[in-house]
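Asker: This is the structure, below, for whatever I ask next.
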Amino acid sequence: MAVAFTVLHSSIAEHAEQNANYGKKSGGWNSTTTPTTGSGWSRQSSMSRKQSVVDANELTSATSGLNITKSSTTRVIRIINNFDHTVQCRVLLNLRTTQPFEEVIEDLGHVLKMNNAKRMLTVSNQEVRSFSQLRNEFSDVDTFYITSESRVLSPPFRRSRSRGALAVEPIINTVPTKAEKQRRARSKSRPRALYAADTDIVKVPPDYTVLDVMKEEPIRVQIRGARKTFFPPMVHSPSDDSPPDKRLTLNWVYGYRGVDTRRNLWVLPTGELLYYVAAVAVLYDRDEESQRHYIGHTEDIQCMDVHPSKEMVASAQKAGRTRKTQAHIRIWSPETLYTLYIVGNGEFEEGVSALAFSQLTGGNYLLAVDCGREKMLSVWQWQWGHLLGKVATMQTEDILGASFHPLDDNLMITYGKGHLTFWTRRKDGFFEKIDIIKAPSRTVVTSLQFEQEGDVITADGDGFITIYSVDSDGAYYVRMEFEAHNKSINALIMLPEGTLLSGGEKDRKIIAWDSLQNYNKITETKLTEVYGGVRSLYPQRPGRNDGNIYVGTIKNHILEGSMQRRFNRIVFGHSKQLWGLAVHPDDELFATAGYDKNISLWKRHALLWSTQITYECVSLTFHPFGTALVAGSVEGYLVIINAENGSVVSSVRVCGSALTCMGFNPAGDTIAVGSQNGSVYLYRVSRDGFTFKKSNKIRGVQPLVHLDWSTDGNYLQTVTAEYDLVFWDVKGLIQEKSAPAMKDVKWYTYNATVGYLVSGIWHNRYYPISSMISTANRSSAHDLFITGDTDGHLRLFRHPCILTKSEYNEEKVYSGQVSSARFLYNDRNVVTVGGTDAALMLWDVIED
């Protein structure tokens with residue numbers, strides 16, 4: 001019977017332990033969780049299936065031998081009750097269990113004292129729907145929330161330390177109770193500033209009368225099956241449905257994609273570095289400190305190869321959701337950035353995992369390996385788009401690479417997990433396998449190179465280098481094999497003078513081997529831990545023997561140096577999911593923070609500083625004076641940083657949930673922090689922005705995603721994970737129930753993805769597909785509005801944007817969710833970050 005999960009540790013206070021075992025399903029679980037102190041949870045309650053209790057010591061001995069690591073079969077994660085964040089525990093999850101994913105979610109809910117658990121969410125509110133998502137898309141996420149689809153109303157407000165998160169839905173247009181009338185009556189002595197100062201009120205044009213405004217009806221938008229109602233303010237600018245007179249052009253791409261791709265770094269004859277990030281091919285000129293970009297792709301680039309003439313580049317993208325974003329190969333000119341040929345439209349199922357030009361006959365042939373179920377190997381005559389032949393490799397795991405033999409265009413090699421195959425293409429288009437006398441004993445073949453005489457060199461995940469020669473009968477045999485690195489080798493490159501360079505992932509070493517002297521070691525060097533292991537190697541000046549090389553690392557950095565001297569970082573990138581983004585109030589500065597625990601400050605193209613902290617970050621904001629930078633972590637800490645030099649001033653424990661949004665009031669003396677538990681925490685802040693003192697807490701229900709202050713500092717508006725627009729009275733410390741009463745409040749910032757003045761961004765008639773808006777931002781001049789959605793679209797609207805026929809200017813360089821988009825202080829630039837791919841980009845806002 002497969003074990004679905006084992007509870008390893010609980011942060012809850014009691015010490016009782018139990019084990020529940022399901023006999024009828026082939027996916028049971030063992031539990032040693034303990035209930036929350038004072039919660040009164042019965043050990044035998046909330047279990048709907050048959051259970052048997054065993055001794056806790058037996059369970060300890062059963063789990064002590066487990067290898068608690070992230071692998072393809074097991075994951076250690078922390079799960080949290082979304083309605084009571086004090087109930088949480090760590091579990092060892094079996095990703096190979098035969099138990100349905102929905103049942104495992106329900107079982108996890110029972111462990112967290114939750115009935116009818118239906119959904120698993122990340123701290124960034126992304127839903128996990130399958131074990132494959134846990135294994136692939138969310139491999140770097142360690143904390144998840146378990147929730148139910150139905151809303152459970154909590155009991156009335158009580159000041160009890162053991163209560164869970166308050167779960168009360170916002171109620172609109174309801175008759176107030178007697179208690180509410182008394183509470184409101186007591187607050188009438190305090191003036192209620194629903195309007196901003198006169199200088200902030202938008203003047204109504206002569207052709208747009210007040211009578212026209214009064215005739216406006218509330219707008220109703222349906223989001224995720226629920227109808228949202230937004231009320232028009234008394235005075236606002238008229239909506240213009242025409243596209244804005246501005247558009248976005250890509251200015252700079254930060255970082256490098258080394259975390260999950262291979263063979264992704266080249267040097268062009270112009271001296272430019274060629275690599276790719278998200279759906280953008282980057283050509284970076286170090287001498288001029290400039291970038292050029294090929295943006296012909298609509299989804300993430302998966303692999304790339306340079307033509308032997310260096311005059312063309314082939315790049316392949318993954319499959320998207322629409323016909324226009326299906327997987328295909330584009331061949332383009334690095335000189336003009338024009339697309340020359342498009343190959344394989346409609347031929348690839350999910351994407352292309354390997355791509356290579358032939359080395360003879362002018363590079364007229366192109367091979368590609370499909371990411372689909374059968375991993376089809378196909379050969380194309382790319383000038384005409386002709387498919388010359390294809391064969392199913394029948395490889396169950398992904399193929400990591402493929403190549404033409406440099407001395408024979410009809411001989412191809414594919415390699416990957418437990419896979420190394422030589423293919424010969426016959427004249428009739430059929431493929432034949434060439435025998436290998438000794439099959440490779442290694443688990444994963446990671447890289448491939450050739451000697452000048454044509455012998456094949458492979459590297460593998462066990463740290464071995466193997467050389468294959470061919471005998472008189474045409475069969476390949478192992479000529480030589482030796483251990484080169486500790487664990488995986490990610491890169492091999494053969495230099496013209498016969499020196500082989502190998503780069504290790506775990507040991508972070510680069511080693512030079514003399515291929516002419518039986519592969520004797522010449523020298524080695526080791527990268528510092530902050531750079532990570534080696535992902536790709538390429539000579540800095542191809543054809544020269546000066547020893548200078550470029551190194552791409554698994555932490556998304558690019559280094560330059562040689563074996564004799566230290567390596568310097570020339571490209572910095574975040575290495576894990578990137579969620580936090582903040583722009584400086586009066587300078588061209590912006591800051592980023594993510595799951596890699598790095599907080600970085602940028603000015604245009606330059607990295608000013610980067611600070612490593614102890615927490616994973618999901619939100620970020622600047623103090624209005626620009627002196628302090630505050631980050632919100634997954635663990636519920638605020639980290640205060642000196643914006644001048646990046647030094648950590650202090651950290652403040654707010655709660656046990658992720659701090660998903662935050663913002664300072666206009667005066668800078670108060671910060672509001674929105675949490676995954678639905679509450680808003682208020683802190684008094686010193687004038688320099690470095691000292692925080694807890695002021696108050698306003699309890700809420702649903703996880704908060706976006707937050708804005710009013711211009712007078714008396715109110716907050718937040719957007720929940722279910723796209724409800726919730727208002728908060730900061731002075732009265734209550735949640736405002738009446739949405740019509742808040743319709744004329746002026747907002748200091750507008751990061752909300754819902755509302756009357758931005759309702760036109762939803763279900764727009766010009767959208768090719770329906771997608772969820774994940775981020776939004778209003779320009780400083782209040783005339784433009786930028787949005788990003790879960791499918792990677794960036795759209796620039798006029799503001800306000802009320803009707804569904806509002807036109808926009810669009811760019812698409814991301815495949816997944818755009819986690820944040822912000823205008824810089826002068827509205828001349830926009831900064832965007834992608835969540836899971838950590839892609840950070842700077843855009844120019846120019847006249848259309």
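From the backbone N, Cα and C atoms, a Cβ is placed for every residue, glycine too.
Copied straight from TrEMBL:
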{"type": "REGION", "residues": "19-47", "note": "region 'Disordered'"}
{"type": "COMPBIAS", "residues": "27-42", "note": "compositional bias 'Low complexity'"}
{"type": "DOMAIN", "residues": "75-158", "note": "domain 'Doublecortin'"}
{"type": "REPEAT", "residues": "482-514", "note": "repeat 'WD'"}
{"type": "REPEAT", "residues": "571-603", "note": "repeat 'WD'"}
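How buried are the listed features, and what sits near them?
Answerer: Helix, strand and coil residue tallies for the domain 'Doublecortin' (75-158), in that order: 16 helix, 25 strand, 43 coil [DSSP].
Across the range of the repeat 'WD' (482-514), the DSSP-based residue counts are 0 helix, 20 strand, 13 coil.
According to DSSP, the repeat 'WD' (571-603) comprises 0 helix, 19 strand, 14 coil.
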Asker: Check the domain 'Doublecortin' (75-158) for me and report the mean pLDDT.
Answerer: 79
